[in-house]
Amino acid sequence: MNGPHDLGGQMGFGPVAPEKDEPYFHAEWEKRALGVTLTAGAMGAWNIDESRHARESLHPADYYASSYYEIWIKALETLLKRHNFVTENDFKAGDAVDPAATPKRVLRAENVPATLAKGGPCDRPVEGPARFSLGQRVRTKNFHPTGHTRLPRYARGKEGVIDAVRDGFVFPDSNAPGQGENPQRVYTVVFSGGELWGEGADSALEVSIDAWESYLEPA
Amino acid sequence: MAARVRALETILTRKGLIDPEAIDVIVDTYETKVGPRNGARVVARAWSDPEFADWLKRDATAAIASLGYSGRQGEHMQAVFNTAETHNLVVCTLCSCYPWSVLGLPPVWYKAPPYRSRAVIDPRGVLQEFGLTLAANKKIRVWDSTAELRYLVVPQRPADTDGWSEDKLAELVTRDSMIGTALAREAA
């Protein structure tokens, strides 16, 4: 979707503000927000693509007014309601009022190290040869799906070069709405600054994205 | 927001859906165990050992795992090496993708709109805000982490560090130098 999250090339947000010796957390609640997000995700009711889509589906005004942990929590509330773990009644009461769906699993403290160490690999075997080869010129599709996609707007309809042929990976566009992993090969595609930004672009700039095969056509 | 998160944790805990002690372990992990020290060890090894550097170039996930760093948001790693000609910069314009296993949790600016919007269109301007001015003819390669690959920048080894131990070299490798918003520290 052409949502507020798709920020590449947007203007008006002002300078970057690096913080010297930045702490990992700026408030106690941020620690709990990280932990609640990870432990709730570990229930296995939704995948990372659905959670990303929940975040980018926040109203743009809300998205831009929120810190990243705030975005996480707002999206988490949506996911918990959608999957019947928490109801509006629960939120109103600030307590467990209604019964909840049964999770696939509950992440216990003793299992956290192993779970974090394992991570969630998204590579999947794909059959058949790669459609594109190293050095080949390709053009990204110009599309505007209303659902989740990982092809950013600034890189749509642009001509670039295959810089790396990667493994097969879960396809986010179908995985986010629960339509299956449908793995596809991923390619690193590199574009010149001029191709992306036109007049006045930095001539010594190259930008690459990682693109699923169906985002690409031969140039 | 503090009250909202507390309420959420309470609801989920009372329903038996989460274990609050698991949250404590997660927080402790990312406050004390997983951070940019990990990435600095990887870079220092690459500077010291050409064979390791070569492995890191070919198969970063395996090379990094050999030092004990793997797992969440580091499942599929790619190391990109700065050279005399090219400076690398990593961003996630769509969300906040970041190599947790080697750099830990991302800083606020990495997740915020100013960096995410401008890193791909005006990287030189962004770098200047970090106090880094690159020569006009230095190429910049920006890596937008739009899939599940996570990028680690290997900065150039600073001059006058011949014979330094890996521990000493690792001290020169900052978090920002592994994102690409800084160079490695100079030898004091």
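Note: Cβ is positioned from N, Cα and C throughout, glycine not excepted.
For B:2-182, the entry in TrEMBL reads domain 'Nitrile hydratase alpha/Thiocyanate hydrolase gamma'.
Its own atom aside, the Cβ of B:SER96 (Fe(3+) binding site) has 21 Cβ atoms within 10 angstroms in the protein chains shown. In the three-state DSSP scheme, B:SER96 (Fe(3+) binding site) is classed as coil. Positions annotated as Fe(3+) binding site by TrEMBL: B:CYS92, B:CYS95, B:SER96, B:CYS97.
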Sorted by sequence, non-B:CYS92, B:CYS95, B:SER96, B:CYS97 residues with Cβ within 8 Å of centre, Fe(3+): B:LEU94, B:TYR98, B:PRO106, B:LYS111, B:ARG116, B:SER145
Average pLDDT across the domain 'Nitrile hydratase alpha/Thiocyanate hydrolase gamma' (B:2-182), rounded to a whole number: 97
Residue with minimal Cβ packing [other Cβ atoms within 10 Å] among the binding-site residues B:CYS92, B:CYS95, B:CYS97: B:CYS95
